[in-house]
Amino acid sequence: MPTTKCAVPLVSGAAGGGGSAELTRQLSSTQASPRFSFSSGVLPSLGSRGGGERHARLRRFIVSPYDRRYELWNNYLILLVVYSAWVTPFEFGFVPEPAGALAAADNAVNAFFAVDIVLTFFVAYTDPKTFLLQDDPRKIALRYITTWFVLDVVATIPTELARRILPPDLRSYGFFGILRLWRLHRVGILFARLEKDRKFSYFWVRCVKLVCVTLFAVHCSACFYYLLADRYPDPTNTWISAYMPNFHKASIWSRYVASMYWSITTLSTVGYGDMHAENTGEMVFTTTYMLFNLGLTAYIIGNMTNLVVHGTSRTRKFRDMIQAATSFAQRHQLPARLQEQMVSHLSLKFRTNSEGLHQQETFEALPKAIKSSISHHLFFGLVQNVYLFEGVSNDLIFQLVSEMNAEYFAPREDIILQNEAPADFYIIVSGSMELIELHNGIEQASVLTLAGMAKSGDVVGEIGVLCYRPQLFTARTRSLCQLLRLDRAAFLRIIQSNIADGTIVMNNLIQYLREKKEIASIVAVAKEIDDMLARGQMDFPITLCFAASKGDSFLLHQLLKRGLDPNESDHYGRTALHIAASNGNEQCVRLLLENGADSNSRDPEGRVPLWEALCRRHQTVVQLLVDAGADLSGGDAAPYARVAVEQNDAALLGEIVRHGGDVSGACSGDGTTALHRAVLDGNVQMARLLLEHGADADAEDVNGLTPRAVAEQGGHADMQLAFASATRHEPRKARPPPPASAIVPVPLRDGVDSSPSSSSRRGRTSSTSAASARSTPQRMANFRNSLFGVISSSHAFHHEGGYRGGGGGGGAAAERERSSSSPPLVRVAISCPESRGGKDHSSKLVFMPETLRGLLELGAARFGVSPTRVVTSGGADVDDARLVRDGDHLLLVTDKWVPPENRSRNQ
């Protein structure tokens, strides 16, 4: 049941429900007070029923001890306690019978405390067992009466009434007045609260408390000293008579100053000798006072020592750590460079902690939500611009930033060592680093190679972490660096829950590796990845758009063979054919068209592949697209002419017209045409060409202006002459696209398949077979533990019916294509050594059937032999069709067949 938000009143309302025996608690999570004091408020107990007790609605006329107005009342009483703390000992020692203004002030103060006694009967208290506010009036009264009620009442009795109650011999001592010092417990509670209040300095609160304790002790002692001298029968035999023989006639101020002087010299154990105890009573009191001073001095010195030591403890620990590190380095004879790195790192750590730059312990004590918000505020923009995370969702970046740790490193410090195990990678926030490649593990100037430099916003160590291989370089800081460290396990855990973003990260990494052609070690990693892609060992959603953007026709061919949708688009809405046409990659365009890519596909900006090829002068690609039925009418044809006008390209304008472009339509939202643009630019040549191709000189824009009117307003005489002399040409009609049935695949050039050449394929097959033979379990383990292995396994799980997360560009279309299409075709070379022809038997390239039985039946029909087994070229038996890969060479044999090497061995 929802409740309304309300503040706890000083005295709870009198409306309805009075007299209830039980505490009615209406709790709500919206009642949380922003003023809640963590030093005095009641914390809720654990469990679903434990929240909100401190915000309970109390009974009628019951005051919450945490109400702001009650706290102000207590703070006001503190001022009266300070008055009582000074006046009570003073009256006890110097004023036998208070009268006049002093007596009136005492009675006024007593009246305030009497009001507080009455109010206390209506103040709820915290139960020490349940830590809940108890608002039962009877329990409140019983608790108060059995604890501090008697002392509070006695301390409030007026002085005049107390003198009448006491016997005549004790009336002058004001014993009841001394009981008012009981109120000092309120000051102790105040200091305890201030010590926990973050608005006040703990150091100064403690200092003020110690000063107050010292002054109060000196003041009380001075008053007691004077009381002993004043009440002693022989005034000349007292401590004050040596300094002031007729002290009774001196002013009260002079007597008080003298008493304070002797009290403070005794407390400080100075003892100049001008004042000292004269009688037995003074000696006994002085002895007792000095014993008290021993404890008070120890208390003050101990507290001051703790305060001072606390401020210097960090420096002491730092010096001890530096000394220990230096001793360790010297004891084990470490190189000077390592010693310097150790000392620099420890010094930098001390400085960052002392200046509040890297309070790791404080940061770790915060809840995860607060830590994530802090990291997001500090580093989100930087991580968003890292090349590895270009194009990923903000959700992934937020998750990654939450797992990153900021660290400082001194100059010339090694962050990553070459060939060490990949555990973390780093993003540079500030500073710079150098990447060093060692030869044979020797660090000498003659064998060091500077592989590159890294600056703010760059990543180091990501290749080793993502590919799960030893680090390629040693990363060493050149200046003071602030780095973001990300653990490999945390990164892969996040990627597993964001497969679509993981694919983007993987593509970004592959693109980066391929661009770094000047570094041999990175080139080797890129080649290894390409080989694994070619062998089909990576089952993750690399898109056709990625392959087309890299111009990798072999990878594109492999992906198309797996059944990927040739019309899938990236996150910008561009298909692979758009990208291949824009890059002028004839081989990729041919492959896509052969596999059913739409030659007239349109991106969100209205561009078609033919336009991408035309505007970049890729004539061979243009011809391929035209032969496949492409034209410009499928896109936003009008803006094409405007581009030609702006570029002053008559040849491009002619191509636009020839391929079905529109030169007369509006090319922008304001209704302007390409002819408007030519007139505004004063380009008479382009205007004449447009008019020749059917542009309308009287087409109006949204303002009602025609190209002819614009020419007249601008006073372009040549332009007006062109309009006047131009004859009206009928617009050339765009060539209609051929029907779908008339579109045939692009013919093979010279009868050669447009997939990667057979020689190249054979070379790749042989090389990959050799590489596969050399593969070791360690390399396969590296692959499984790398980013590629994580994406592969996750993609396989999704493909088999597991969780289907969002894909990258065209992921949904590819998923539908995979679910509706048959398994990818596998081509194998088969031969039968037992057929006629002997060892010179010919091989035949066939599509692999779904079962081995089907393959044996196919071989029987081709070779005229009834084979019963399938073996590899190396003589290994094949028991399952799923073991066969594209490009394998298989032998179809009978049970009687013996491999040639075994036959020669038997002979």
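The first residue you see is number 1, and the count goes up from there.
Each residue, glycine too, has its Cβ placed from N, Cα and C.
For 1-75 (among others), the entry in Swiss-Prot reads topological domain 'Cytoplasmic', with the evidence type sequence analysis.
Panel annotation: around the transmembrane segment (76-96), residues 102, 105-106, 109, 112-113, 116, 159, 172-174, 177-178, 180-181, 183-184, 186-187, 190, 216, 219-220, 222-227, 230, 252, 255-256, 259 of the same chain, lying at least six beyond its termini, place a Cβ under 8 Å from a Cβ of the stretch. The feature transmembrane segment is assigned by Swiss-Prot to 76-96 (among others).
According to Swiss-Prot, the feature transmembrane segment maps to 103-123 (among others), an assignment based on sequence analysis.
The topological domain 'Cytoplasmic' annotation in Swiss-Prot covers 124-146 (among others).
Note on the transmembrane segment (147-167): residues 91, 97-98, 103, 106-107, 110, 113-114, 116-117, 120, 174-177, 179-180, 182-183 of its chain, located 6 or more positions outside it, place their CB under 8 angstroms from a CB of the stretch. The transmembrane segment feature in Swiss-Prot is assigned to 147-167 (among others); the stated evidence is sequence analysis.
With a cut-off of 8 Å between Cβ atoms, the residues of this chain six or more beyond the transmembrane segment (175-195) that come close are 37, 39-40, 74-75, 77-78, 80-82, 84-85, 88-89, 91-92, 113, 151-152, 154-155, 157, 159, 162, 165-166, 202, 205-206, 208-209, 212. Feature annotation from Swiss-Prot assigns transmembrane segment to 175-195 (among others).
Look at Swiss-Prot and you will find 196-209 (among others) tagged as topological domain 'Cytoplasmic'.
What Swiss-Prot lists as transmembrane segment is 210-230 (among others), and the listing cites sequence analysis.
Residues 203, 206-207, 210, 213-214, 217, 221, 266-267, 269 of the same chain lie 6+ residues outside the transmembrane segment (289-309) yet bring a C-beta within less than 8 angstroms of a C-beta in it. What Swiss-Prot lists as transmembrane segment is 289-309 (among others).
Residues or ranges marked as topological domain 'Cytoplasmic' in Swiss-Prot: 310-907 (among others).
According to Swiss-Prot, the repeat 'ANK 2' annotation covers 572-601. Using a Cβ-Cβ cut-off under 8 Å and counting only residues 6 or more beyond its ends in the same chain, the repeat 'ANK 2' (572-601) has close neighbours at 543-545, 547-549, 551, 553, 556-557, 560, 566, 607-610, 612-613, 616, 618, 620-621, 624-625, 628-631, 634-635, 737, 745-746, 754-755, 809-810.
Taken from Swiss-Prot, the feature repeat 'ANK 4' applies to 636-665. With DSSP states grouped into helix (H, G, I), strand (E, B) and coil, the repeat 'ANK 4' (636-665) comes out at 19 helix, 0 strand, 11 coil.
Annotated repeat 'ANK 5' per Swiss-Prot: 670-699, in sequence order. Per DSSP, the secondary structure of the repeat 'ANK 5' (670-699) breaks down as 17 helix, 1 strand, 12 coil.
Residues annotated as region 'Disordered' in Swiss-Prot: 726-779 (among others).
What Swiss-Prot records for 801-824 (among others) is region 'Disordered'.
Annotation comment: Swiss-Prot describes 827-907 as domain 'KHA', evidence class sequence analysis.
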Treating G and I as helix alongside H, and B as strand alongside E, what does DSSP give for the topological domain 'Cytoplasmic' (124-146) in helix, strand and coil?
9 helix, 4 strand, 10 coil
Counting by DSSP, what is the helix, strand and coil composition of the domain 'KHA' (827-907)?
25 helix, 19 strand, 37 coil
Using DSSP, how many residues in the repeat 'ANK 2' (572-601) fall into helix, strand and coil?
17 helix, 1 strand, 12 coil
For the topological domain 'Cytoplasmic' (196-209), DSSP counts of helix, strand and coil?
9 helix, 0 strand, 5 coil
